[in-house]
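What TrEMBL says about this protein:
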- 85-119: repeat 'PPR' (REPEAT)
- 155-189: repeat 'PPR' (REPEAT)
- 262-292: repeat 'PPR' (REPEAT)
- 293-327: repeat 'PPR' (REPEAT)
- 328-362: repeat 'PPR' (REPEAT)
- 438-468: repeat 'PPR' (REPEAT)
- 542-576: repeat 'PPR' (REPEAT)
- 757-849: domain 'DYW' (DOMAIN)
Amino acid sequence: MLLRHILLHHSRRFSSSAAITPPLITPTLLKQCNSVSQVNLIHQQTLVQGLITHFSTNLISTYIAISSPSHALSLLQNLTPSPSAVYFWNALIRYSIRPGLLNHAFALFRNMWRLGWTPDNYTFPLVFKACGDLMCCRLGASIHGVVFSTGFESNVFVCNAIVAMYGRCGELDCARKLFDEMCERRLYDLVSWNSIVAVYVQRGDCKNALRLFDRMCKLGDIDMRPDVVSLVNVLPACASMGAWLHGKAVHGIAVRSGSFEDLFVGNALVDMYAKCGMVDAASKVFDRIKEKDVVSWNAMVNGYSQIGRFEDALGLFEKMREENIELNVVSWSAVIAGFAQRGLGCETLDVFREMQVCGSKPNEVTLVSLLSGCASVGALLHGKETHCYAIKCMLNFEGSDLEDDLMVINALIDMYAKCKSINVARTMFDSIEPKNKDVVSWTVMIGGYAQHGEANDALELFSWMFKQDGLVKPNCFTISCALIACARLAALRLGRQIHAYILRNHFDSAFLYVANCLIDMYAKSGDIDVARFVFDNLKQKNFVSWTSLMTGYGMHGRGKEALEVFDEMRRVGLQPDGVTLLVVLYACSHSGMIDQGIKFFNSMSKEFGVIPGQEHYACMVDLLGRAGRLNEAMELIEGMQMEPSSIVWVALLSGCRIHANVELGEHAAKQLLGLNSENDGSYTLLSNIYANARRWKDVARVRSLMKNSGIRKRPGCSWVQGKKGTTTFYVADKTHPQSKQIYEILRGLTQRIKVLGYVPETSFALHDVDDEEKVDLLFEHSEKLALAYGILISAPGAPIRITKNLRVCGDCHNAITYISMIIDHEIILRDSSRFHHFKKGSCSCSGYW
């Protein structure tokens, strides 16, 4: 009624000259105002009636209450500074602590200081919060100085805010230094401890966060008992480190203190157990939460997804729908991420489509998981669609988070690389500003090259990474990708350099998979003894460690050692799986251990509980084929419980090539054609079988068929390692600057080994020319040129390491065996199948090459 009277009085002032009694202004009247115009009218009346000095604070309070800080500030600036009125400055600063207004909070603080007002213990925490939100440490440190000048350095409330500010700004050392000073002065409370623990968790130093929490619990002070905030702070640290025992202890504290009933504590416990892989324990906590929110459900769905219990995850997801719990982006992303992490790309795409139908908008995490799903199944088209969505809705928007943008771009690089669009991946990588590239950007690009046959590009990019002026350093994943590339190229020298880097930076002691990559690299680069040394020095081993070493022994024809490792693996309690047994069969095949291989194959189901798959049958066909037992190999194929795949027929065709069995080779080739195999090696093997039988018309027919089918034969090449890098040679290659010396060395070696009994095997010259020309063709094979160059550049007695992209030619194998009798070098040759160690006239393959 009073408010209506004022409005009526205001209107009559201009319509009548009669005297009207002015309205009575009271604080109650001001509280009834709900718009700026109404407060302005009362403000005007206070000025007219000379009451402004009496109602200034009431007007300021009302202006703040109706969200009109500018009017409040104009009045506040004219007030005489007083401790009680500092409250209004605090209220204005608090109003400004929101996105887009944080700088205004600092402007208010400076204005307050300039006008002679003294901040109180509520002002400083508000301003320090604004510093933390803006991550402006320099300004925060300046205001820290003001704290000292105003005598608030002994106020625990203010000091807690400073600790939190330094933490938010990333200045962990400053935060810890101030906290330690507070402890020395015994100027702390529970909030102080909660603040420093939160700082360490936010900066990812969970180990120190747990140490501080334990230290707080040991104080024995009743006021220092952990509260809800303490527990919610420390549980994510337990989850991050997988420290489930520590998490259980915190759970016990929550139960004893009664904090367990708090929803935030319950959610944090569910999340901790789920991330530690203890989903059953998480489920028990989840069931005890009386009033669950969407965070509770999401934590459980995420937990089930992460350990591969997809049926439970989807069941819980459906239950959320049944109970009308609002599914948010986290709910959908948890399910999508679970499928993506298990390589179930089709399911990932299905859930994403359902998410879109429901109208839920994906975020950066969703897109990263979706792109991972696309990569796992090679769904390039869906990956491109996701890329378009990211461009339209997320990337490069004003105000978008650069870290979030980079996370999506890195996922796109990974997707394109895994979908074999390596050039598009590189274009995206190059489009990122050098200063903005993080270690993930480099790793996904290096890994893309390494895993898809571009090992040289991978190592070149890895070297370039070290030339970025310290902007970014490789992590364990980057190192692993580089080692994979070294293994593909048998680049032992660079592999050793990376090993030295690993030792200097202690990657091997922290990450088992880096050590496993080292074993694989040394084995595939020809130094199986160092691979064994790395294996023996592992503090812990997993299946990959054992199988990597066994594979290495198999590649080097050391089947006996491979089986010894297999037996040792069983003695330590590891049960062999299908992969392990495949490695055992491979080792037997390349070591001529026919009977042992057959024994293992026949006992797979009964003794090890493993049903033989296509790969196991292919390995057995290869084993029998190398031994010339082709009829047995064919019988094995005919007795398969499944339709033989292309790898089985290729193994048979390879055996037919070794033993010149044209009829069976034609049968295997016919089966491959029926399977629409586009493997150039299959056609080449058949062509070689015909050439060896001098059936030149059939050779021409196969080559014509390859041409019409668009299949190109890979050109054979060999590369040899030297001090200055790797040098590659092709057949009849004369491009090297030292080619004249190379050919002279090779000519001299050939003459000398002919005296020892070497006779060129012209059956390996697969052209319809006379024998003299065939001898000339054999002379120019790439592995012989690489060997001659290796002799030219190698120090006396040093091993010569050669790699060939195809299987070594039979004549070259014979010639190199003879050459090893007359030179003081061990020749280590790796072809597409295995290693050959030539020394003093013998080869490690013992004829099983």
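One is the number of the first residue shown, and numbering goes on along the chain from there.
From the backbone N, Cα and C atoms, a Cβ is placed for every residue, glycine too.
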Exercise. What mean pLDDT score does the repeat 'PPR' (262-292) have in the model?
Worked result: 91
Exercise. The repeat 'PPR' (262-292): which same-chain residues, six or more beyond its ends, come within Cβ distance under 8 Å?
Worked result: 228, 231-232, 235-236, 238-240, 242-244, 247, 250-251, 254, 299-300, 302-304, 306-307, 309, 312, 325
Problem set entry | For the repeat 'PPR' (438-468), sequence-distant contacts whose Cβ falls under 8 Å of one of its Cβ atoms, 6 or more beyond its ends | 406-407, 409-410, 413-414, 416-418, 420, 422, 425-426, 429, 432, 474-475, 477-478, 481-482, 484-486, 488-489, 491, 494
Exercise. Under an 8 Å Cβ to Cβ limit, what residues of the same chain, 6 or more beyond the ends of the repeat 'PPR' (542-576), are close to it?
Worked result: 512-513, 515-516, 519-520, 522-524, 528, 531-532, 535, 583-584, 586-593, 596, 608, 610, 830, 834-837, 844-846, 848
Exercise. Going by DSSP, how much of the repeat 'PPR' (438-468) is helix, how much is strand and how much is coil, in residues?
Worked result: 24 helix, 0 strand, 7 coil
For this session: Grab the same-chain neighbours of the repeat 'PPR' (155-189) for me: Cβ-Cβ under 8 Å, and only residues 6 or more beyond its ends, written as numbers and ranges.
Result: 121-122, 124-125, 128-129, 131-133, 135-137, 140-141, 144, 147, 195-196, 198-200, 202-203, 205, 223
Exercise. Under the DSSP assignment, what numbers of helix, strand and coil residues are found in the repeat 'PPR' (328-362)?
Worked result: 26 helix, 0 strand, 9 coil
Exercise. In terms of Cβ proximity under 8 Å, which residues at least six beyond the ends of the repeat 'PPR' (85-119) contact it?
Worked result: 57, 60-61, 64, 67, 69, 72-73, 76-77, 79, 126-127, 129-130, 133-134, 139, 143, 146, 150, 152
Exercise. With DSSP helix as H/G/I and strand as E/B, how many residues of the domain 'DYW' (757-849) fall in helix, strand and coil?
Worked result: 34 helix, 16 strand, 43 coil
